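Quick look at what Swiss-Prot annotates:
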DISULFID  CYS53-CYS67  disulfide bond
DISULFID  CYS60-CYS71  disulfide bond
DISULFID  CYS66-CYS75  disulfide bond
SIGNAL    1-22  signal peptide
Amino acid sequence: MKLTCVVIVAVLFLTAWTFVTAAPHSSNALENLYLKAHHEMNNPEDSELNKRCYDSGTSCNTGNQCCSGWCIFVCL
């Protein structure tokens with residue numbers, strides 16, 4: 001019974017702490033996300049969603065991720 005109460009209090013405390021510490025940053029993060037999405041709507045060719053392969057020097061797992069088709073930990 002005591003352990004259950006301690007766990008419940010700990011979860012409530014951590015939840016409250018998360019909301020208190022994240023509140024000032026979360027609104028700014030959403031604003032930056034909105035501005036980036038708005039920029040991509042105005043310039044669709046600049047959108048990262050259109051990129052289907054990685055440029056040389058970018059880390060990779062398989063060769064089919066790289067534009068060149070060659071991957072040795074980084075795109076060649």
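Glycine is no exception: its Cβ is also placed from the backbone N, Cα and C atoms.
The distance from the Cα of CYS75 (disulfide bond) to the Cα of CYS67 (disulfide bond) comes to 8 Å.
Rounded to a whole number, the distance between the Cα atoms of CYS60 (disulfide bond) and CYS67 (disulfide bond) is 11 Å. When the alpha carbons of CYS71 (disulfide bond) and CYS53 (disulfide bond) are compared, the span between them is 12 angstrom. Reported as a whole number, the C-alpha separation between CYS53 (disulfide bond) and CYS60 (disulfide bond) equals 10 Å. Within the set of disulfide-bonded residues (CYS53, CYS66), the lowest number of other Cβ atoms found within 10 Å of a Cβ is recorded at CYS53. In sequence order, TYR54, CYS66, CYS71, PHE73, VAL74, CYS75 make up the list of same-chain residues 6 or more apart from CYS60 (disulfide bond) whose Cβ falls under 8 Å from its Cβ.
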